[in-house]
Amino acid sequence: MNSLGVLMEALASQSINTIKTTLIWLLRTTWIVGTLPILIASLPSPCLNSFHSLLLSFAKRGKIMPSSSHRFTVPQSFFLHFYLLALIWTTTLLMGTWYFAYKVTPLSTESLSYLAAANHLTGGSLVFSLHKSRFSSVDDRFNVWKAVFLLLLMEIHVLRRLYETFQVFNYSPSARMHIVGYLTGIYFYTAAPLSLCTFCVLEAFNFAADQVAEFKVEGQEMVSITDFDLWGYMKPLTRLGWCQWTGAVIFAWGWFHQLRCHAILGSLRERGDRTNKYVIPYGDWFEVVSSPHYLSEMILYAGLLVASGGTDFTIWLLLGFVFQVANLVLAAAETHRWYLRKFENYPRNRQAILPFVY
């Protein structure tokens, strides 16, 4: 039985490592492919003007999209699809990873001793043994809990965005966005949460599948509602390092200002107002930039990078994608130009997206 277990462990580990490597490089490749065109279009060359205009047409939405350009577009209210998808997917990843972290990769030596004793008293579980052997080092266990922390921050973000879609924003009936921008958003909210937990996501869901299989075989006596330990799930998060909490503070700073800026934008149009009337927004970071909601998003994703420790190249590429594409720097500049054309009294001290810089 011991030899069989060793063989199963070796085969499972090799298979998961192969799939994990493929997943990581697939994510990295798509982040690069998504970011590179924007960087190329930003080069100051007349030869790239038509390419720049093409990308800008993909980035335009809402008030900066001409009414004559509604071909290959969808209503801007379809933003709701992004956040519904993001909430379902991020919640699934968070629950699976958090359960795996609690069951297999405790941070404290006390928890390790408890799990070992429990496993011995119950006759030993091959599932637990196989999974624990892959995350035996302190660094590995720490990285699993770090993934939980990043997903928790992402969950907080997408929950608020979904709430704002229902309760804050009142999109104009004529507001549209390009289908390419729509598909980009769908991809982003699928790949971004996944990029935060590539270190352990396959093992987490493999473990969950194994648990379901064991449950079916061994029966319901394996599960007891009274065994749920809320503090046991939360305590390891309090043991994370200064990097994680510094990143959380940066994330919260961007999150809070995006909340305020979205509230300001939402207040410019009364709920039920079907007109296309626009006014100049004032307050919070609108005093220094025209698209502070983009700026705050850049900051909160920078907070996620800091919380990750900055050692995962995939998250660096995710941040680059956010800076260049997800926040649509081209669209921010176009929004700024639109305000200047639309309003003669528009504050001239405002920049497009970066205070005092751009």
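Backbone N, Cα and C atoms are what each Cβ position is placed from, and that goes for glycine too.
TrEMBL does not curate its annotations; it predicts them automatically.
Here TrEMBL flags 31-58, 78-100, 112-130, 142-159, 179-202, 237-256, 313-333 as transmembrane segment. The domain '3-oxo-5-alpha-steroid 4-dehydrogenase C-terminal' annotation in TrEMBL covers 242-358.
Across the range of the domain '3-oxo-5-alpha-steroid 4-dehydrogenase C-terminal' (242-358), the DSSP-based residue counts are 75 helix, 2 strand, 40 coil.
Residues of the same chain lying 6 or more positions beyond the ends of the transmembrane segment (31-58) and with a Cβ under 8 Å from any Cβ of it are 69, 178, 180-181, 184, 187, 191, 195, 314, 317-318, 320-321, 324-325, 329-331, 334.
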